[in-house]
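These features come from TrEMBL:
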- B:90: active site (ACT_SITE)
- B:153: active site (ACT_SITE)
- B:176: active site (ACT_SITE)
């Protein structure tokens, strides 16, 4: 993790954010994939990986500090969606915390706004349809998702988009990833993807985001 | 369907809205359940059932006409979520149409706002947690859902909440229901519930909504 | 339950067998459906419902006693398959007990034969394809299943077919049914069907079994 | 593929069998994984990979020819189970073909025995519990499966065990594997694993099979 590295003056930065483990798990496949890309060059930009705590509030304070320090042109947070089978490109973050399990600091907010008087939701401003196509073309399973849940992932996604609301040149969004194979061994029937596959997918998704000014118009919604 | 009936001056009204069939199906289990409650009394209110077309735009025009005519104190739209196993109490509607399949008029909007310059989302103002508890206590499978999709159901839900935004005394929301057993016979593995079970669930949900001024604070979120 | 009733000399009997609750559940939807049919007439036969314990060994002793007492022409055992969405017409019983959870007497056999030196499997001799078609035509979700598991249900199914191996005029088989709606309220995402729907399905399935001498040749296998 | 290679006199052989593509797919992840192991040494044995056609009948004739030529001490066939999330160690093959889709030669047998007057089923004689534990310990998602379906995979599995019935020193069985990631891109929600992960799992499974004389007694059954 090169999060201490001072920002190079000459290279634009892509900030990829992962998360600590939470619940019963020893690892977090979002962070496991993100850190494989730390220091990589994608589309001429330098990738910086950072790891956030799975805590309401503190996660957003640390995210803001990373953004302030790095002034990235693109920020993607990458969290675990245990039970999903593919990279989920999140469309929308909603202004509510509703925690089924405590966060890593023991907090369990129920039906609390993330930002008082904030809008009910923010849409990702990533070109999620173009990213979807790029992933499929590369043979990486992906989907557009209409909900990032109501736990710390949605919290960070909403907080990220709120932080970027006055920086129109900076793009941000969220990608959920499946369990790792090792995590899936302990859960009947749960899908999984290895970190190398997820990291390759993130690389392709970042490239597509950097390459796409105007998103594609292809259907990727949900009937319900 | 008693939608032609003039509104009684002395009884408050609950408007339950179902939908026409769409896709390959001959029926719509939302409407099949709703019409079983047409004319019923729940909590001293009279239920009026109405059926909307599965079309972007026109569905909302007809919904607005029903609201204008009936001045209901509670409006719940009830749509099909094929593949879900239980009554889904929707938390949030988002300001986007993204249709995987054409609506019944052949329209396929992609990533279009429902209301230009409308907010990104509206939350239901139903007491969905209290409704959830009432349904579970009655042995009817139910859940809170964090997405109503991006098709006509979400469109109507968003448009409903937009219509009610200046009527704070009127509550509105959306409930998704599973396939009917007959529909499920044609789909491998799809869950289903009979119309009588769904209608009983709707009756309980309406009663709980009418009985609950301040919603319960119980966790019913999603980790992702 | 009319299991004490002496067998009428003039009416052939259909024996429907349900099971006690097991695991964490207070009821068993197989028995809940079966007992609704106790005493009914189907195709000119009298239905007798009996409830077996969820115990390896003892379940089969009681089943044998019911068969000896009633001399039924058709025996169908009906057990819970929590997580399945429809009536599962079981094709085959295998000669092994492998219990993930203890039975109701605390036994946990692992990889033990049900009948020493018995064949590896018995096929149901019910006309499961004709039963499938009859259920679908009636709008009741149904499927042919290629495994009845390795717990008490498979144990009883295997033991039943072993008991009937020298009685070619008697047909037997097994139908798995989903959770009840009340059970499903405690399990995220689990499908369910009400007892009335299941009982109606059993009635139709019994009628089809009685009506069909030679089973239909329609595909209802599994690619895996 | 070294299937033309004459058998070395001094090294015992493990025969791993994959399959051609079938249905709509351009590849078959069973064969894609198996061929990665062709020529490898596992536990001092030489692995030979062979590819079978997805045809009833002809697949078994070719399998028999491979067995005659190689006289392997261990034979594992590896097929696709699209929709499953992990390596499935199959417990039992049943004596029936029931094809939902035509095989690659256009045949669609329905409820036909694989071997006339053959037993209703054969159990795998692999130490599937020991293999399961080895896979889980290595972080590869795996499960014991109680059904290999009724299509060509089950056909080959049954035919393999029938062929080995008089060769008690030779072990045989079947492992189902998930879609490849590329296949999963075309199917909503389908789980997948890359060929490298599957091949690593097969290597571990073969090693465990070679190392284990007497299988472990751990529960890995299904309640239904």
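One-based numbering along the chain as shown.
Including glycine, each Cβ sits where the backbone N, Cα and C put it.
Automatic, uncurated: that is what TrEMBL annotation is.
A Cα-Cα distance of 8 Å separates residue B:153 (active site) from residue B:176 (active site). For residue B:90 (active site), the same-chain residues 6+ apart in sequence whose C-beta sits under 8 angstroms from its C-beta are B:124, B:128, B:145, B:147, B:148, B:157, B:173, B:174, B:175, B:176.
DSSP assigns residue B:153 (active site) to a helical segment in the three-state reduction.
Listed active-site residues: B:90, B:153, B:176. Those with a CB under 8 Å from a CB in chain A, in sequence order: B:153, B:176. For residue B:176 (active site), the count of additional Cβ atoms within 10 Å of its Cβ stands at 25 [all protein chains shown]. Note on residue B:153 (active site): other Cβ atoms within 10 Å of its Cβ, all shown chains, come to 28.
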